[in-house]
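The block underneath contains the structure these notes are about, expressed in structure tokens.
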Amino acid sequence: MEAADYEVLSVREQLFHEKVRECIISTLLFATLYILCHIALTRFKKPAEFTTADDEDATVNKIALELCTFTLAVALGAVLLLPFSIISNEVLLSLPRNYYIQWLNGSLIHGLWNLVFLFSNLSLIFLMPFAYFFTESEGFAGSRKGVLARVYETVVMLMFLTLLVLGMVWVASAIVDNSKASTESLYDFWEYYLPYLYSCISFLGVLLLLVCTPLGLARMFSVTGKLLVKPRLLEDLEEQLHCSAFEEAALTRRICNPTSCWLPLDMELLHRRVLALQTQRVLLEKRRKASAWQRNLGYPLAMLCLLVLTGLSVLIVAIHILELLIDEAAMPRGMQGASLGQVSFSKLGSFGAVVQVVLIFYLMVSSVVGFYSSPLFWGLRPRWHDTAMTQIIGNCVCLLVLSSALPVFSRTLGLTRLDLLGDFGRFNWLGNFYIVFLYNAAFAGLTTLCLVKTFTAAVRAELIRAFGLDRLPLPVSGFPRASRKTQHQ
């Protein structure tokens with residue numbers, strides 16, 4: 001063999017080893033996410049559904065739980081996708097020729113984006129509908145009962161659902177873009193149909209993030225306030241503890257001796273009131289036992305961090321709105337080649353990249369908080385060891401929709417300069433200036449409105465409680481006067 005042949009073989013062998021290394025790294029990363037998600041789901045599942053006397057139902061629930069674990073792992077991978085790419089780019093810029101990070105390259109990052117896109121399509125379109133129909137199926141009438149009969153029924157239902165969704169997307173595409181090219185493109189199922197369908201799902205996810213994130217940013221302050229110990233501002237905790245103890249004792253005597261009162265008593269309401277007083281007393285004891293550092297430093301610092309992160313997010317979006325009006329390069333777009341390690345995606349270098357990662361995680365957590373705080377999705381909130389299997393499936397689908405839209409959401413708002421890799425950059429609506437501009441303006445306006453409303457209401461309520469106006473017999477704004485029936489009780 002000639003020297004040229006040896007050189008070609010060595011290049012091919014090197015490419016083969018790189019592909020094997022990327023497959024091993026991707027498998028290890030996904031296995032880690034899968035284990036973490038499995039541990040999380042086992043903490044929320046209802047044990048009675050997996051230890052029933054009917055082994056068939058238990059087997060079906062176990063299979064559905066594994067499919068939900070896979071979907072949740074994909075959702076977690078979609079959340080980590082953009083921060084991992086930003087950090088990898090900064091590492092490659094700082095250590096371009098380091099031997100120990102040769103495995104970290106643009107090909108690996110691009111492959112991870114494609115895998116997340118593929119698994120997101122697979123989970124949303126096939127696995128989660130299969131899991132739901134599988135748990136609800138009983139087998140066709142007249143067929144032999146068993147897991148296999150449920151599989152047959154589920155496959156048939158999934159085929160009908162696929163045809164229905166395919167027809168709806170085909171009609172929607174024909175209405176939006178009534179051209180022969182767009183109509184014929186849907187005949188290519190893998191190349192055009194799945195990306196187009198996922199583009200519609202991603203657009204719905206981005207709209208859901210637009211609604212949930214401002215609500216979550218406002219709710220983050222109250223959620224953090226419940227987790228931390230507040231400072232004592234014109235409050236007497238001892239007096240509140242004594243009042244709570246006296247009221248609880250009075251209600252307990254009324255429950256134990258209901259004949260002592262000539263009015264009819266609502267025992268269920270009294271029990272709920274006693275439980276609320278016990279919870280309030282535990283919180284007051286926690287505040288009284290907290291150290292001065294924890295009470296006077298931890299809470300203000302946490303609130304200051306939340307305020308800075310929220311204000312910084314709104315400021316970045318406002319600057320991005322101005323850039324959209326001036327420079328066309330501010331529009332989100334896709335990048336087919338994974339050219340990482342050449343230039344930083346932040347004007348502040350590594351520090352700016354860290355700020356971008358923190359903001360992306362903060363907005364994702366805020367969107368989840370806002371999602372579960374919304375009245376529309378309140379019933380989906382998982383409960384510790386008391387979440388039904390259908391509820392777990394619904395949570396996994398919603399979290400996957402939110403997380404898979406996070407890269408597009410972050411790039412649309414201008415939180416990062418990293419262009420969308422792989423098929424994430426092929427969404428048609430990303431090139432529409434009016435959609436992107438109105439989306440940025442709506443996010444900034446909704447976030448500002450939610451924050452102003454939350455802060456004014458919170459400050460007013462805290463001042464009323466601090467001065468003891470909530471205990472007056474007068475009707476105070478934010479504290480409606482108790483009804484006459486409740487006062488007699």
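Yeah, the Cβs are placed from backbone N, Cα and C, and that goes for glycine too.
What TrEMBL says about a protein is an automatic prediction, not a curated fact.
Remember, it's a predicted structure, so these values are computed and weren't measured experimentally.
Annotated in TrEMBL:
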type: TRANSMEM; residues: 24-42; note: transmembrane segment
type: TRANSMEM; residues: 63-87; note: transmembrane segment
type: TRANSMEM; residues: 107-134; note: transmembrane segment
type: TRANSMEM; residues: 155-176; note: transmembrane segment
type: TRANSMEM; residues: 196-218; note: transmembrane segment
type: TRANSMEM; residues: 297-322; note: transmembrane segment
type: TRANSMEM; residues: 353-380; note: transmembrane segment
type: TRANSMEM; residues: 392-409; note: transmembrane segment
type: TRANSMEM; residues: 429-452; note: transmembrane segment
For the transmembrane segment (353-380) and the transmembrane segment (196-218), does the number of C-beta pairs under 8 Å, pairs 6 or more apart in sequence, reach 3 or more?
yes
Between 63-87, 107-134, 196-218, 392-409, 429-452, who has the most Cβ pairs under 8 Å to the transmembrane segment (24-42)?
63-87
Sequence-remote contacts (6 or more beyond its ends) of the transmembrane segment (297-322), Cβ cut-off under 8 Å?
217, 220-221, 224-225, 228-231, 330, 355, 358-359, 362-363, 413-415, 437, 440-441, 443-444, 447-448, 451
